[in-house]
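Chemist: Before I ask anything, here is the structure I am working with.
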Amino acid sequence: MATPEASGSGEKVEGSEPSVTYYRLEEVAKRNSAEETWMVIHGRVYDITRFLSEHPGGEEVLLEQAGADATESFEDVGHSPDAREMLKQYYIGDVHPSDLKPKGDDKDPSKNNSCQSSWAYWFVPIVGAILIGFLYRHFWADSKSS
């Protein structure tokens with residue numbers, strides 16, 4: 001197992017590529033101001049301080065995500081291929097492997113209960129349709145016989 005070695009503002013992990021610097025999430029979280037703005041996108045750390053004033057959506061949008069994992073927000077906006085290419089120039093390293101969430105380790109119950117929610121998704125409308133059918137038939141039959 002690789003053990004991290006401290007190296008100033010980042011960490012190098014033994015056995016990793018020599019050019020990759022790893023940052024702990026605690027360190028990224030400290031860089032959340034206009035003077036120093038870091039964010040994580042897809043497990044990679046970016047220093048976007050110089051880009052704040054150039055961002056088409058305004059610097060406020062970036063500062064809201066500063067010091068945190070902005071992957072979901074970045075993807076929700078639907079950035080162009082040019083924007084993704086531009087992002088590369090702000091890359092400074094990767095999130096330390098021990099800070100990365102394992103894929104499939106989702107603690108969000110709404111995502112883990114897909115079987116449970118799928119039957120409920122269909123059950124309620126079907127019961128509702130049957131109930132409406134009985135009520136319609138009952139009242140329609142009553143109005144026809146009068």
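Cβ atoms are placed via backbone N, Cα and C, with glycine included.
Worth saying up front: this structure is predicted, and the values here are computed from it rather than measured.
Feature table excerpt (Swiss-Prot):
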MOD_RES   SER19  phosphoserine
DOMAIN    20-96  domain 'Cytochrome b5 heme-binding'
MOD_RES   SER33  phosphoserine
BINDING   HIS55, HIS79  heme binding site
MOD_RES   SER80  phosphoserine
TRANSMEM  119-136  transmembrane segment
Chemist: Of the modified residues SER19, SER33, SER80, which one sits closest to HIS55 (heme binding site) when you measure Cα to Cα?
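Modeler: That would be SER80, the closest of SER19, SER33, SER80 to HIS55 (heme binding site).
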Chemist: May I ask which residues of the same chain, at least 6 positions away in sequence, place their Cβ under 8 angstroms from the Cβ of HIS79 (heme binding site)?
Modeler: LEU87
Chemist: Indicate whether SER33 (phosphoserine) is helix, strand or coil by DSSP.
Modeler: coil
Chemist: Please report the three-state DSSP label of SER19 (phosphoserine).
Modeler: coil
Chemist: Around HIS55 (heme binding site), how many other C-beta atoms are within 10 angstroms of its C-beta?
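Modeler: Taking every protein chain into account, the count is 14.
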